[in-house]
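A.B. asks: Take this structure first; my questions come after.
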Amino acid sequence: MEVKTSSNSVRFDKQRCSFIVLIMFFSLPAVNAVWPMPQLISSSTDRYPLSPRQFIFQYASGSSAKSGCSVIDSAFKRYFPLIFVDYLKAGGPRQHDNWFRLPLNEGVFTVLVDVRKADCEGYPDPDSSESYKLSVSSGQASLRAKTVWGALRGLESFSQLVYQDDFGQYFVNKTEIDDFPRFKFRGLLLDTSRHYLPLPAILKTLDAMSYNKFNVFHWHIVDDPSFPYQSSTFPGLSSKGAFHPSTHVYSQTDVSRVISHARLRGIRVLPEFDSPGHTQSWGKGQPGLLTSCYKGSVPSGTFGPVNPAMSSSYQFISRLFKEVASVFPDPYIHLGGDEVDFTCWKSNPEVRGFMQKMGFGTDYTKLESYYMENIINLTKTLNKTSIVWQDVFDNHEKLCCSSLSVVEVWKGGCYLCEVRRVTKSGLRVILASPWYLDQPGPTHDWARYYTIWPLAFKGSEQQKSLVIGGEVCMWGEYVDATNLSPRLWPRASAAAERLWSDEKTTSSVTDAFPRLTDFRCRLLRRGIQAEPLFVGHCRHEYEGI
């Protein structure tokens with residue numbers, strides 16, 4: 001039986017929502033599928049029983065990755081309890097440390113993993129291959145991948161193929177999968193400045209990201225309200241800028257743990273230190289950094305963005321970013337650059353004098369451009385590629401595009417018009433506008449995030465190739481650890497499929513609904529508090545503990 005999805009799209013607005021979902025609900029079929037939908041998948045009604053006592057993961061004999069490969073070894077240990085949840089809850093033993101090195105035995109179902117390139121101690125990067133091929137047959141599953149990162153995606157897909165009947169017996173059907181992501185960049189942003197997110201909440205989000213095949217954790221770690229990043233170079237930034245200097249900070253050990261946890265799940269950690277705006281918390285621990293605002297000829301006692309007229313500002317940023325570049329291994333760094341209010345700059349006599357000296361006249365976008373040029377060039381000296389919010393492009397489209405590399409589109413309105421303009425300038429794009437999930441809303445809004453077509457703009461194939469992916473954004477004004485997971489999931493899962501799967505086979509909301517309902521139940525069983533999509537139940541409900 002070939003598993004396919006309908007290419008017929010369904011309009012899913014709020015007025016018709018209840019009617020459509022009721023139709024879905026009362027015709028809900030049994031589902032044993034993979035989310036996000038693989039590029040190619042075929043399955044049969046032939047099924048094979050699995051027993052946790054006769055099941056092993058093993059490296060294929062010709063695999064470049066072998067026992068001792070940290071990424072795959074840890075994945076083997078992680079996926080056994082994810083597949084056989086009931087067995088462990090009933091007191092079944094976890095297999096011993098050598099369980100994935102055991103010789104093949106008669107009657108044992110074996111998942112053989114063959115990795116072509118063994119980059120076992122490295123980090124995923126923007127060009128990492130995540131493709132894999134999975135073949136499930138009697139007594140064996142064969143997983144082949146170019147890299148360890150592709151092998152991780154394949155193990156996740158295999159784990160979702162396993163299901164239980166009404167008597168608790170585990171099964172997997174005969175299946176063939178040939179899979180790869182549609183977009184290279186599939187991100188999720190967490191804001192840890194407006195509300196501090198304890199480390200376990202971040203780690204659990206990384207777990208959920210791996211179940212959804214997201215591959216970039218965009219850590220918006222600092223902003224106006226607080227500076228929780230504990231800098232070794234400038235400890236005063238967090239001791240004076242965090243909500244609390246000891247309980248509401250991320251130590252260097254915490255940051256390393258996040259990066260390590262993410263790496264083992266094939267997730268990059270992209271740090272964002274947004275400036276020159278959104279820096280009020282920075283000024284508390286770094287006197288002289290922010291622009292002093294004036295009321296007439298007298299300082300008002302308030303402060304604006306980073307002062308771009310002072311050489312000391314760039315010296316500070318240089319030292320801070322040198323540390324950030326050494327702490328975060330990813331080749332990208334997000335520089336922000338959004339929502340810069342020029343009011344304070346306009347009021348400051350030193351800034352006005354600098355404007356005249358530089359020949360900027362009264363065009364403060366030129367001053368912002370000057371600042372961003374300096375910061376972008378600084379990141380280049382650190383061998384980092386910069387990402388900026390679209391404001392930098394919008395304000396300086398005719399001024400500084402030569403220094404830009406990647407632009408993140410976040411504003412509403414005709415966001416695809418913006419994507420078209422940015423790509424026409426030869427710049428790469430990350431699309432975030434349609435995937436802002438922080439505002440409260442009914443879960444049936446998931447369809448809004450599913451029926452997004454990132455390449456549906458008039459442009460050349462070259463332009464469309466510059467759209468490197470998209471990102472779900474969870475800003476922190478109304479979100480902390482109490483409501484983070486249910487507000488994210490399963491709505492973020494809708495975006496995950498859009499960014500991974502072929503839109504031709506995943507265009508139907510009607511077809512996606514039962515699959516997402518099933519996947520949401522799987523998330524619950526894995527300890528992720530994902531909101532329900534509509535009336536119904538999961539066989540294994542969240543137990544509230």
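Backbone N, Cα and C define each Cβ position, glycine as well.
Pulled these features from TrEMBL for this protein:
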DOMAIN    34-161  domain 'Beta-hexosaminidase eukaryotic type N-terminal'
DISULFID  Cys69-Cys120  disulfide bond
DOMAIN    183-502  domain 'Glycoside hydrolase family 20 catalytic'
DISULFID  Cys293-Cys344  disulfide bond
ACT_SITE  Glu339  active site, proton donor
DISULFID  Cys521-Cys538  disulfide bond
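What's the neighbourhood like for each of these?
C.D. replies: Taking the Cβ of Cys69 (disulfide bond) as centre and 10 Å as the limit, one finds 22 other Cβ atoms among all the protein chains shown.
In the shown protein chains, 11 other C-beta atoms lie within 10 A of the C-beta of Glu339 (active site, proton donor).
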A.B. asks: Which residues of the same chain, at least 6 positions away in sequence, have a Cβ lying under 8 Å from the Cβ of Cys538 (disulfide bond)?
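C.D. replies: In sequence order, Arg520, Cys521, Leu524, Arg525 meet the Cβ cut-off.
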A.B. asks: Compare the Cα of Cys69 (disulfide bond) against each of the recorded positions Cys293, Glu339, Cys344 and report the nearest.
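C.D. replies: That would be Glu339, the closest of Cys293, Glu339, Cys344 to Cys69 (disulfide bond).
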A.B. asks: Measure from the Cβ of Cys344 (disulfide bond) and count the other Cβ atoms within 10 Å, all protein chains considered.
C.D. replies: 21
A.B. asks: If I take the alpha carbons of Cys293 (disulfide bond) and Cys120 (disulfide bond), what is the distance between them in whole Å?
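C.D. replies: Answer for this pair: 52 Å between alpha carbons.
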A.B. asks: Let's check the environment of Cys293 (disulfide bond): how many other CB atoms sit within 10 Å of its CB?
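C.D. replies: I get 17 for this one.
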A.B. asks: In the domain 'Beta-hexosaminidase eukaryotic type N-terminal' (34-161), how many residues does DSSP call helix, how many strand, and how many coil?
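C.D. replies: Its residues fall into 39 helix, 39 strand, 50 coil.
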A.B. asks: Please determine which of the disulfide-bonded residues listed here (Cys120, Cys521) has the lowest count of neighbouring CB atoms within 10 Å.
C.D. replies: Cys120
A.B. asks: For the domain 'Glycoside hydrolase family 20 catalytic' (183-502), report the average pLDDT of the model, please.
C.D. replies: 96
